[in-house]
């Protein structure tokens, strides 16, 4: 569909975002986890979602591998496809936040420009960038999917951190040390959500 198609008109919803948030008892936001492969994004995001669920918070976790089984199954790993992957996820995350959910996303999302586009789509007041900062050497040592080994052997091209660029966030809302215990990182994130009045104390 062309961006300028005059026959496509936005249909307003009778139920507002505020009304949905009141029903859930908390704000709808997007928590965007970014970092190298093996940094711990999915692990920390999953642990945080579990902690929020136990507090009766409505959540959904969008994981980089999982969306490629459906929503983004037709995309590869070229620069263009990776950009489209993040665009699609950003659109879905924005809709879920409109529904009043706390949306957790775990994607390498190596380029600042793409993360900025998602932030603009979601809204600056509903987007929290979370940088899981783990040294490359530690990520390689973890290598849960064996991808670094393949990249070092030349079997994977344009792999982020090896021969593909990763642009670290310049001013994330929270900067996590990926070598800390997951429980410590979850505590830091819960504190952030309380300070932002996203969840109750």
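One-based numbering along the chain as shown.
Each residue, glycine too, has its Cβ placed from N, Cα and C.
Taken from Swiss-Prot, the feature ATP binding site covers 35, 36, 37, 38, 39, 40, 41, 42. What Swiss-Prot records for 109 is active site, phosphoserine intermediate.
Residue 39 (ATP binding site) has a Cβ environment of 27 other Cβ atoms inside 10 Å. Each residue contributes its Cα atom, and for residue 37 (ATP binding site) and residue 109 (active site, phosphoserine intermediate) these two points are 10 Å apart. With a 10 A radius on its CB, residue 41 (ATP binding site) counts 28 other CB atoms from all the protein chains.
Report note: the ATP site is defined by 35, 36, 37, 38, 39, 40, 41, 42, and the residues of the same chain whose CB lies within 8 Å of the CB centroid of those residues, excluding them, are 106, 108, 132, 134, 139, 178. Cα spacing between residue 35 (ATP binding site) and residue 109 (active site, phosphoserine intermediate): 8 Å, rounded to the nearest whole number. Non-local neighbourhood of residue 109 (active site, phosphoserine intermediate): 32, 34, 86, 115, 118, each in the same chain, at least six residues away, with C-beta under 8 Å from its C-beta.
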